[in-house]
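Engineer: Here it is: the structure, laid out below.
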Amino acid sequence: MAVGGDAKVDEFAPFPVKDQHPDVDFCVSSSPPWPEAILLGFQHYLVMLGTSVIIPSIVVPLMGGGNVEKAEMINTLIFVAGINTLLQTWFGTRLPVVVGGSYAFIIPTITIALSTNNRTNIIFLSPRQRFKQSMRAVQGALIVASFLQMIIGFFGFWRIFARFLSPLAAIPVVVLTGLGLYAHGFPQLARCVEIGLPALLLLVLISQYVPHMMKSRCNMYSRFAVLFSVAVVWAYAAVLTAVGAYDNKSPLTQLSCRVDRAGLIGAAPWIRVPYPLQWGGPTFDAGDVFSMMGACFVAVVESTGAIIATYQYASATHLPPSVLSRGIGWLGIGTFLDGLFGTGNGSSVSVYDFKPSNENAGLVGLTRVGSRRVAQIAAGFMLVFSVLGKFGAVLASIPLSIVAALYCVLFAYVASAGLGLLQFCNLNSFRTKFILGFSLFMGLSVPQYFNEYLLISGRGPVHTGATWFNDIVQVIFSSPATVALIVAYFLDCTHSLGHSSTRRDSGRHWWAKFRYFGQDTRTEEFYALPWKLNRNEELPSQGLLGVTLARKAWLNSVIEIGVGISRVHSPLRTGIV
């Protein structure tokens, strides 16, 4: 009680809750002028190269390949990433996300490669033949495992999950989608600190300080800070390499600092168009498929975190559960294409460690341009430079310390997108504090245990006779975002169940108006499919009649396979939940 016996009045909250970011220059459905959009698209292409180089550099030697196979795998990975990005922006979530390779698939890929070599007499095989044999086994596992993502997405299982997802449960997965990289940001930068640190300082200076010093050109500097900083520091690294600054250094230092140690430029062909089954027909093994399914599940969970971060920075409204489920289904089609073309890796919008769309989601926040067209232009660069192998190899030879400097800033934006969801929650509730703190702590602590155990003993803490089961457990519990989501989602759905304030404490009432596609008038602008292909999502609930009408509309769909399947889940929402 206040003095005089009057009831204390809470202070006015100076920052009202907003479901769209107010300071974005271009949202999902708008676009900057074409010259500016092309440069921004090239910038998105540039930041996704790090993942596309790191994954093949780890996997190819274990599969028996050399620099030639690594260059071919990188080109294939980027080429299919361009196709998948176009599919996701056209028919998936319609958000400006970049779909690319995923670090979560490395463990099952390595297991498959080693087990394939053990099952076959490799003494009489050349390294090229060993590589092809391993790649064909990975292809078969990816093709079958991709149906898990398609079933989860197109048949609406992820839609049901998303309807019970509150802002409180979403915060840990989005935050740890970015913070899960903490061990690979500055440590990677410090391997060549004389290049990485200037890149980091220059990026922060150009993107955060120069716009306030030169307000008339603030958009120019903040939007193209990545291009400016990378160009300057890359030239500086080239000068140090040319004058012999690293000639007598250790191999690890030379790999991190020199601009001519990637081994890609000489090995890459001038022109090469990747094509399906280029390594031969896929081979299938049940254990390999189950191992890959674990990675596919992690890709689904962490893609959800990156998608939520992207829609915030793109100034779109919260995406309806049906749209999220649609995007996961198309993610499965992307993984199927990965297996068909032979990228040696699955697709993800966000996966633990190096996440292609995480840095791109952070770039959306850095540039304040969330245009769908920019992501599609980036996909065009992926397709062109993957075919023109030499040109793409030059760009892919950027020292990893520069890439790590970009990650330090871009992944920070991803983590802050998760923190932005706190505005929807009641932070004065002890229930909220417990769920947030416990899920974040477990999301960091459990993967740390699994990763340390693997590093020390060479195997995970679960080592049964079934290798595929060991891989599933290792992949799932090595992902901070996946562990955090499991804990937060379970606690949010069970803790204080039935209490009157639970719904408001978790922020569910803020997302209730986006529960179905047509509930908010803004949803159509951001998430509607082209050519009115999403018309089934707008059908009213009419029991069996509604289902019959929806199926009739589905049979008349313009796209008979891909979009036809993606619409199956839409009529199922009528009369359910």
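Cβ atoms are placed via backbone N, Cα and C, with glycine included.
Here TrEMBL flags 42-62, 74-91, 97-116, 137-158, 164-183, 224-246, 377-398, 404-422, 434-451, 471-491 as transmembrane segment.
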Engineer: Looking at 42-62, 74-91, 164-183, which one has the highest count of Cβ pairs under 8 angstroms to the transmembrane segment (224-246)?
Structural biologist: 42-62
Engineer: Cβ under 8 Å to the transmembrane segment (164-183), counting only same-chain residues 6 or more beyond its ends: which ones?
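Structural biologist: Beyond its ends, the transmembrane segment (164-183) has Cβ neighbours at 301-302, 304-306, 308-309, 321, 350, 352-355, 358, 362, 407, 411-419, 421-422, 424-425, 432, 435-436, 439-440, 443-444, 447, 479-482, 484-485, 487-489, 492-493, 505-508, 510-511.
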Engineer: Is it true that the transmembrane segment (137-158) and the transmembrane segment (377-398) have 3 or more CB pairs under 8 Å, sequence gap of 6 or more?
Structural biologist: no
Engineer: Is the number of Cβ-Cβ pairs under 8 Å between the transmembrane segment (42-62) and the transmembrane segment (471-491) three or more, considering only pairs separated by 6 or more positions?
Structural biologist: no
Engineer: Suppose I define contact as three or more CB-CB distances under 8 A, residues 6 or more apart in sequence; do the transmembrane segment (377-398) and the transmembrane segment (471-491) meet it?
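Structural biologist: These two segments do not touch.
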Engineer: Hey, which of 74-91, 97-116, 404-422, 471-491 has the most Cβ-Cβ pairs under 8 Å against the transmembrane segment (434-451)?
Structural biologist: 471-491
Engineer: Counting only residues 6+ away from its ends, which parts of the chain sit with a Cβ under 8 Å from the transmembrane segment (97-116)?
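Structural biologist: For the transmembrane segment (97-116), the list is 44, 48, 51-52, 54-55, 58-59, 62-64, 77-78, 81, 84-85, 87-89, 133-134, 137-138, 141-142, 285, 287-288, 291-292, 294-295, 298-299, 302, 306-307, 310, 331, 334, 343-349, 351-357, 360-361, 375, 378-379, 467, 471, 474-475, 478-479.
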